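Only one structure is covered here, and it is reproduced in the block below.
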């Protein structure tokens, strides 16, 4: 039963404080690597099946020491930046861990970065504009992986499949370091995401946990349906990186045989995880939110003037506490835009996400503030329209954007991907489907289908799998001109 609504006078400010336990770990990645090597020794830690490489905990520690010695012999000194430009390969981890040992910030590079952008420890993916370089400390990532892995309740017997790119904080910290922290084995199916490779691992290995962003799960589910049978040992699925529609969660639980679904939230600037849904059986009541804040993390919802709103009211989600980045590398202006100090001297990081904190202290993300569509003065959230669209039996994936309109400012546009071998619904049928639950003003006026002329064969995505909505807006604007 839903909790009763409090009168406005009885509602509390929308601010939550994470637990003060467990104790913050004051160690470095290098020391942690040696400690875990002593504990787990010959237990398998990581595997790259496509490279036929498997490393134990002791082998990871030994190899990273040898690489560290080689880097020092090459003339590198404490504080020098070491660039890593590769996909999900074992060499990535060797260099990353070696850099951590000798105090050299690892600069995680992507192939599409310009030289001027290659400047810091972890690069923010960014669905628009140039990625910014978020500077994270050992304290940040060690403790974030510690708290997140505890919330996921990993066991040493777990075998984890992660198709997430190591060049992003979700894949590097929330997947690899969390697995490492708990003594698990983690598999990286291939260098770059391949749904076929993921399904091969799920069906041929005793995988108990899978990570992914929504677009990855859509692709993997499609391949699983084509092969006709579920993974044989799946227990948990962990998603993040973008809002996860409840219809997708339901499909993951049903088609993958998942018992527990965990919905994480964060951003590179917060190390990255700040929220995670409670560990419970797949159910609508527990999975409509991103859960509660992690330990040593605080969150609040503010209005456009920076004032804390009341519980149940929408506003921008802000984060403070242990997970905050030091700032953007050599960019005080960008740092000051996103990180502000309140009257009490507390630094808050503005996420750019619209959210609600309920009376049970659970948080719900309602969309990116910059993605909100303003149609004739009405604010429309793309997320709720996307959730409705993918409930249609013939629509596999959807992305909703605002498109310019001379009279109303913006109209609702959507880009849709149909299931293979399914009949495409008419545009009017799509609008009627949305109007049925959400009202006439949220029905898309401009409808585009992936695969049609001028659209492309797939959604434009970042390296981490997020839809690039700015590119979709450009495509839609051009086609409507």
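Glycine is no exception: its Cβ is also placed from the backbone N, Cα and C atoms.
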*Looking at 3-11, 12-20, which one is motif 'PTS2-type peroxisomal targeting signal' according to Swiss-Prot?*
3-11
*Under 8 Å Cβ-Cβ from residue 377 (CoA binding site), six or more apart in the same chain: what's there?*
409
*With every protein chain in view, how many other Cβ atoms are within 10 Å of the Cβ of residue 448 (CoA binding site)?*
23
*Which whole-number value in Å describes the distance between the Cα atoms of residue 378 (CoA binding site) and residue 353 (ATP binding site)?*
18
*Could you round the CA separation between residue 376 (CoA binding site) and residue 268 (substrate binding site) to a whole angstrom and send it over?*
35
*Segment-level pLDDT (mean, integer) for the motif 'PTS2-type peroxisomal targeting signal' (3-11)*: 55
*To the nearest whole angstrom, state the Cα distance for the pair residue 268 (substrate binding site) and residue 353 (ATP binding site).*
14
